[in-house]
Amino acid sequence: MYRKLAVISAFLATARAQSACTLQSETHPPLTWQKCSSGGTCTQQTGSVVIDANWRWTHATNSSTNCYDGNTWSSTLCPDNETCAKNCCLDGAAYASTYGVTTSGNSLSIGFVTQSAQKNVGARLYLMASDTTYQEFTLLGNEFSFDVDVSQLPCGLNGALYFVSMDADGGVSKYPTNTAGAKYGTGYCDSQCPRDLKFINGQANVEGWEPSSNNANTGIGGHGSCCSEMDIWEANSISEALTPHPCTTVGQEICEGDGCGGTYSDNRYGGTCDPDGCDWNPYRLGNTSFYGPGSSFTLDTTKKLTVVTQFETSGAINRYYVQNGVTFQQPNAELGSYSGNELNDDYCTAEEAEFGGSSFSDKGGLTQFKKATSGGMVLVMSLWDDYYANMLWLDSTYPTNETSSTPGAVRGSCSTSSGVPAQVESQSPNAKVTFSNIKFGPIGSTGNPSGGNPPGGNPPGTTTTRRPATTTGSSPGPTQSHYGQCGGIGYSGPTVCASGTTCQVLNPYYSQCL
């Protein structure tokens with residue numbers, strides 16, 4: 001992703017730290033999800049969510065005096081990084097009333113603008129395994145599915161669901177000065193190596209801090225926090241993108257100044273992470289009628305949809321969607337020498353050749369990225385607006401001086417004048433995103449859990465091996481590749497699977513070569 005503000009225009013006139021105080025109690029909103037087995041049986045898991053430390057009220061450990069006010073630090077409490085960490089603590093969160101975050105069963109909603117004592121914009125949350133530990137997912141060889149409602153997200157907003165290689169305990173075991181840990185949402189990192197984090201590795205980020213020129217609540221410090229990032233879903237009602245970002249070091253590490261690269265540095269490509277990624281945005285790839293608001297689009301964003309992402313052991317990534325009980329594969333793309341709908345090495349090579357850039361391959365491409373997906377990654381869900389590029393990289397023409405004839409420049413139908421945070425916040429304060437029905441398991445396991453109905457309420461299907469009928473003496477038909485669709489109501493493509501795979505029914509509308 002291009003611009004992921006760690007303080008997505010966050011809580012006004014507050015501060016943050018990495019030890020905990022108790023003036024406000026901390027109770028994580030509960031959120032259930034399902035873990036599925038290869039046989040298709042899914043069991044409910046009891047989890048919760050926690051808001052990132054950067055949103056929290058931070059004050060002196062012995063009083064309610066702010067350590068950070070507006071977009072500047074207290075010179076008394078925070079003269080340097082180490083002293084600030086000793087003097088300041090972060091406090092609990094009133095999730096619904098302050099941050100617009102609510103849960104119900106397996107559903108999480110994040111509101112855009114919430115007005116309480118102060119104004120809050122957006123939020124970033126992590127799924128918890130326990131009260132003090134983030135839930136980790138090993139993506140390689142597995143699939144991840146969820147339902148999402150983006151109907152209320154206009155141009156300029158991003159309801160994101162993604163994974164990062166941050167520490168499961170929030171950094172407590174590595175950095176003794178961080179005593180708040182995952183319980184208070186510490187330890188964030190991503191492929192932009194964000195420098196707007198108030199605390200990194202148990203110390204403040206006050207040294208070298210420069211207040212933002214266009215955001216009264218944020219700034220950039222001397223350090224950043226880097227790690228690999230898998231953007232499963234960056235989207236609003238206009239555009240959506242799927243993007244892996246490798247780093248030469250997989251897990252969380254601190255960086256310094258412009259050596260961080262990414263959004264927050266003058267040298268975007270000067271760090272250890274790939275800030276651009278290998279993105280799959282159907283609109284950018286020329287399919288302008290696949291995703292958008294209204295019945296004229298294949299996927300109608302005025303309605304909830306299911307998103308299923310599969311991580312092959314080869315490192316390739318597959319995607320399909322379900323809406324109103326009908327399954328839709330990722331649309332095919334024709335890009336240079338590449339033709340298909342799988343995000344793989346050939347696709348990423350073709351994208352760089354056609355659209356320009358080499359950051360993804362320079363940082364090791366999918367081979368390096370497999371090192372992240374083969375280990376534990378933390379699930380992040382957020383809603384944010386973009387003070388750096390107005391989200392134009394997701395839903396408009398970007399860079400704005402390019403035209404429709406420039407390969408890859410047009411990413412969505414939004415105007416190049418859209419997405420200005422001040423306008424979006426005033427015009428769409430009630431915007432929200434809802435994520436629900438999270439499932440995780442081996443490839444082919446989450447599409448139709450035992451005893452449940454496929455999306456849209458169709459009768460449950462069974463996971464069985466189906467051999468297509470053959471006619472004696474006829475020539476064999478076309479063969480479907482591994483992970484490709486091989487059957488289902490309304491499907492007319494190849495039904496014979498490649499050698500070593502069989503056609504398995506996931507639901508009445510979708511069978512897949514597995």
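Including glycine, each Cβ sits where the backbone N, Cα and C put it.
Keep in mind that what you see is a predicted model, and the values were worked out from it rather than measured.
Summarising the annotation, Swiss-Prot assigns active site, nucleophile to E229 and lists similarity to another entry as the type of evidence. E229 (active site, nucleophile) falls within a strand segment according to DSSP.
Remote same-chain partners of the compositional bias 'Polar residues' (401-437), defined as residues 6 or more beyond its termini with a Cβ less than 8 Å from a stretch Cβ, comprise 9, 34, 100, 105-113, 115, 121, 145-150, 152-157, 159, 161, 215, 238-239, 241, 281, 283-284, 288, 292, 304, 306, 351, 354-356, 381, 383, 385-387, 389-395. If you look up Swiss-Prot, you'll see 401-437 marked as compositional bias 'Polar residues'.
Residues or ranges marked as compositional bias 'Low complexity' in Swiss-Prot: 460-479.
Look at Swiss-Prot and you will find C21-C89 (among others) tagged as disulfide bond, backed by similarity to another entry. Mapped onto three states, the DSSP output places C21 (disulfide bond) in coil.
Residues or ranges marked as disulfide bond by Swiss-Prot on the basis of similarity to another entry: C36-C42 (among others). Of all the Cβ atoms in the protein chains shown, 23 others lie within 10 Å of the Cβ of C36 (disulfide bond).
Taken from Swiss-Prot, the feature disulfide bond applies to C67-C88 (among others). Counted within 10 Å of its Cβ, the other Cβ atoms near C88 (disulfide bond) come to 29, all protein chains included.
Secondary structure from DSSP puts C84 (disulfide bond) in a helix. The disulfide bond annotation in Swiss-Prot covers C78-C84 (among others).
Annotated disulfide bond per Swiss-Prot: C155-C414 (among others), in sequence order. DSSP gives C155 (disulfide bond) a coil state; it is part of no helix or strand. Long-range Cβ proximity for C155 (disulfide bond), meaning a same-chain Cβ under 8 A and a gap of 6 or more residues, is found for N236, I238, M391, D395, S396, G412, C414, S415, S418, G419, V424.
Neighbour list (C227 (disulfide bond), Cβ cut-off 8 Å, at least 6 residues apart, same chain): V164, S165, M166, C189, D190, S191, C247, T249, V250, G251, Q252, E253, C273, A372. The feature disulfide bond is assigned by Swiss-Prot to C189-C227 (among others).
Here Swiss-Prot flags C193-C226 (among others) as disulfide bond, drawing on similarity to another entry. Taken residue by residue with DSSP, C193 (disulfide bond) is part of neither helix nor strand, so it is coil. On its own chain, C193 (disulfide bond) has G224, S225, C226, C255, C260, G261, G262, Y264, S265, G271, T272, C273, P275 as residues at least 6 apart in sequence with a Cβ closer than 8 Å to its own Cβ.
Sequence annotations record features per position, and here Swiss-Prot assigns disulfide bond to C247-C273 (among others) based on similarity to another entry.
Taken from Swiss-Prot, the feature disulfide bond applies to C255-C260 (among others), supported by similarity to another entry. In the three-state DSSP reading, C260 (disulfide bond) counts as helix.
Among the features that Swiss-Prot reports, disulfide bond is placed at C278-C348 (among others). According to DSSP, C278 (disulfide bond) is assigned to coil rather than to any helix or strand. Its own atom aside, the Cβ of C278 (disulfide bond) has 27 Cβ atoms within 10 angstroms in the protein chains shown.
DSSP gives C486 (disulfide bond) a strand state. Taken from Swiss-Prot, the feature disulfide bond applies to C486-C503 (among others), supported by similarity to another entry.
A sphere of 10 angstroms centred on the C-beta of C513 (disulfide bond) encloses 23 other C-beta atoms. Taken from Swiss-Prot, the feature disulfide bond applies to C497-C513 (among others).
If you look up Swiss-Prot, you'll see N62 (among others) marked as N-linked glycosylation site. Cβ-based neighbour count (10 Å, all protein chains) for N62 (N-linked glycosylation site) stands at 9. In the three-state DSSP classification, N62 (N-linked glycosylation site) falls within coil.
Here the Cα atom of C348 (disulfide bond) is found 24 Å from that of N401 (N-linked glycosylation site). Using DSSP to sort the residues of the compositional bias 'Polar residues' (401-437) gives these counts of helix, strand and coil: 7 helix, 7 strand, 23 coil.
When the disulfide-bonded residues C21, C67, C247, C255, C260 are compared by the number of other C-beta atoms lying within 10 angstroms of their own C-beta, C21 comes out lowest.
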